[in-house]
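Trainee: Questions regarding the structure given below will be posed in turn.
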Amino acid sequence: MSNISVIGTGSYVPNDIITNDFLSTIVDTSDEWIRTRTGILERRISKEENTIYMATESAKEAIKNANIDANDLDLIIVATLTPDNFMPSTACSVQKEIGAINALCFDISAACSGFIYGLEIACSMLKNSFRNKALIIGAENLSKIVDWEDRNTCVLFGDGAGAAILSKTKEEGILEFHSGSNGLKGEHLTCGVLKANNTSNKNDRLEKNNFIKMNGKEIFRFAVGAMNETICNIQEKTKWDLNEVKYIISHQANSRIIEYTAKKLNTEKDKFYMNLDKYGNTSAASIPIALDEMNKRGLLNKQDKIILVGFGGGLTFGGAAIVWSI
């Protein structure tokens, strides 16, 4: 059976920057309060860009980086909790924009774990079918579902998209996964839909319930536990010592979560790649944006061992062990 490798990456973030100082003018907060509790200095916010546009731009970059044609793609999976439409799917819209006429396309919703879930689904589909190449995208427009009057959430989130191309290969590549869900604790991180009554009565109003709501303490506790469990499980499956692992690329939610996880694993914080100071929490986009940034910066070399790990709403979690092949 063929192995599956990452052969290209891409990303897109909006140009508009919202700083901590700006947020201090609209809610009761400060740059010092946000920095010390989250590690975030600024985040990117879309104005004209929607989820489809950002996903498409990241896809174009990944295709170019992989040195393939869009027609080579057999599968497109988009992980997002902020689609522009219920239908067509974001993946089908990306297919149209890039001309990937041969690809099977669908979206998944697993919040901040979405990119990891997408990788696992794609690997399974490639290994067990005639399909050879897949495009996995994490894309989010979180600024549209943030309550800008809630200082506990509006300081955390940003917009962006990241993508990776997977291909069958004879080389080592994506080796192992560990993933799971805990719906029993789903109420700790929620975002409702816009409720409609399907009535012609002009006096009926839509109830706006589509803001992110979060129990920060419970999510922090879950995140540290899920990260630790996932990394340890992947170590057990691969027999990797953490000293062999060049980087751990985690979901970029909060620097304190990463620091606590590093302590529990008895490893240095610098092993965890972080860029949340620039982008904040971009949910499903955070891991692929970081992966592309590292690829562009030349931080990853062929045969480097890396671990991806995510956690998020659902509640969900997941991780992957990868031998880098670019």
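Cβ atoms here come from the backbone N, Cα and C positions, even for glycine.
In case it helps, Swiss-Prot gives these features for our protein:
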ACT_SITE  C112  active site
ACT_SITE  H251  active site
ACT_SITE  N281  active site
REGION    252-256  region 'ACP-binding'
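Relative to the rest of the structure, where do these features sit?
Mentor: Within the same chain, the residues at least 6 positions away from C112 (active site) whose Cβ sits under 8 Å from its Cβ are H251, A253, N281, S283, A284, S286, G310, F311, G312, G313, T316, listed in sequence order. DSSP assigns C112 (active site) to a helix.
DSSP gives H251 (active site) a coil state; it is part of no helix or strand.
Taken residue by residue with DSSP, N281 (active site) is part of a strand. Residue environment of N281 (active site) contains 24 other Cβ atoms, counted within 10 Å of its Cβ in all protein chains.
Sequence-distant neighbours of the region 'ACP-binding' (252-256) (same chain, 6+ residues past either end, Cβ-Cβ under 8 Å): 37-40, 112, 156, 220, 223, 274-277, 279-282, 286-287, 289-290, 311-312.
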Trainee: What count of other C-beta atoms do you get within 10 angstroms of the C-beta of H251 (active site), across all chains shown?
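Mentor: So the number of other Cβ atoms within 10 Å of H251 (active site) is 31.
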